[in-house]
Amino acid sequence: MEFSTKALDWAKAGALAAKSDCLVIGLFESQTLAGAAKALDVATKGLVARLVKLGDFEGKRGTSLLLHEVAGVGAARVLLVGLGKEADFTDRAYAEAVRTALRALASTKAASVTWTLTEHTARDKDTAWAVLTAVTLIREASYRFIERHPELKSKRDKNGTGLRKLVLAVPAADAKTASVAAARGTAIANGMDLTRDLGNLPSNICTPTYLANTARQIAKDFKLKVEVLGRKQIEALKMGAFLAVTKGSVEPPAFIVLRYEGGPAKQAPVVLVGKGITFDTGGISLKPGEGMDEMKYDMCGAASVLGTLRAVAEMGLKQNVIAVVPTCENMPSGIATKPGDVVTSMSGQTIEILNTDAEGRLILCDALTYVERFKPAVVIDVATLTGACIIALGHINTGMYARSDALADALVAAGKQSLDTAWRMPLDEEYQEQLKSNFADMGNIGGRPAGSVTAACFLARFTEKYDWAHLDIAGTAWKSGAAKGATGRPVPLLTRFLMDRG
């Protein structure tokens, strides 16, 4: 899908003459016509005003009206999209308008579109935000896994999007920043697509080795540095917690380090650590069979940090960013780790593994110790860590834990800006009491109360040497039911966070 931006002056004659399959125009409710809507009304000798007067189209949120072969317009179709009341035109209202337009376009054969919704900026937002957000939302809605991996079905699906080329209309004064925003939106969408592909692939394809090869391909495509450690190297590093999770599987584990060096050599890096459990049976603490197929998504943290690195590299951000991915399967077998086993982590702290299904924190804790060597400015781990986070926050907000208020505020702000929201959760010291063990420095679970919080508190014990945040994406990484599939979150949040850092 190709995006471009174009400065259009609606006051000039012929502004609507450009040929395309559809011209998309936004209209506010109970508002004097302006911009593209006014130009259309003038070109059609009052058609828009008559439609409003007759009540056929009032500009209400979530509504649209498709017109064909409108005189004076170069496009084969005109799609009017309701924006609601201008005073209530928030970022979410803007996103709703984009999605409303896409639903209407899906019922047509339109391939080329002139898109003017980008002339309407949401409250407290600018044109660059409108362009970037439109591009990411359009690409998000257009994603079709089977179109990208047709080998997985014997017959091709016929429900793919027909959109191929979109020209985003912007004010002349914003033309330069809008062009940059469109490119950045495309980069973010490409990162999300990679994240979704990795999540959606079955676990017999997306193995730890597959993730490692994906990192190598990203490194090749964007001239990044990559290192993949195998079992012997992991053993040499004394990552006892990580190794405990790997014991039950025949798939070899991997420890991936992917470096993007876009900033000065002396700039401390931002390190993103992604949980890469490519399939999670729960191990000896076996999960119920129903819904276990969705445990292929337990590597979405890893997928998202790889997707973020890809986006950052394509954008060419002036940052140093490192993705670290511990990856393996969690399987039961005769040699698998058992409940009650005690292991020594890379940090030297000992852990009583009370539940082998709380494995994500075990592979992450060693990774969080490993990244100390980078002397990071910030470390953010991303993981489908706890079902308890879904109980607490549902599928709207990612659970976010942070040691410092400044980092927490920056992540919350990035989530709001990207429409990929996170909600800060507590890390009070009192929760650490639940992790006490009679047989080791700590247990790997703290009981049912505050399960997401105690999981984060467990990780906090391994992050005292740097500024750290934890994103629990168990409720936001994928959808179940008819819309089953990976979402690509939190790539938008993470990329916005990095963009905001300069």
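Heads up, the Cβ atoms here are built off N, Cα and C, so glycines get one too.
What Swiss-Prot annotates here:
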- K287: active site (ACT_SITE)
- R361: active site (ACT_SITE)
- K275, D280, D298, E359: Mn(2+) 2 binding site (BINDING)
- D280, D357, E359: Mn(2+) 1 binding site (BINDING)
Query: Looking only at DSSP and grouping its letters into three states, which state does D298 (Mn(2+) 2 binding site) belong to?
result: helix
Field: Sparsest-packed among the recorded positions, when each Cβ's other Cβ atoms within 10 Å are tallied, from K275, K287
entry: K287
Query: In DSSP terms, helix, strand or coil for R361 (active site)?
result: helix
By Cα-Cα distance, the member of recorded positions K287, D357, R361 nearest K275 (Mn(2+) 2 binding site): R361
Message: Can you tell me how many other Cβ atoms are located within 10 Å of the Cβ belonging to D280 (Mn(2+) 2 binding site)?
response: 26
- prompt: Same-chain residues six or more away whose CB lies under 8 A from the CB of D298 (Mn(2+) 2 binding site)?
  reply: K275, I277, T278, F279, D280, N330, G360, T384
Statement: One finds that other Cβ atoms within 10 Å of the Cβ of D357 (Mn(2+) 1 binding site) number exactly 19
Query: What are the other residues, in sequence order, whose C-beta lies within 8 angstroms of the center of the C-beta atoms of D280, D357, E359 at the Mn(2+) 1 site?
result: V245, I277, T281, G282, G283, S285, K287, M295, D298, N330, T356, A358, G360
Query: What number of additional C-beta atoms lies within 10 angstroms of the C-beta atom of R361 (active site)?
result: 27
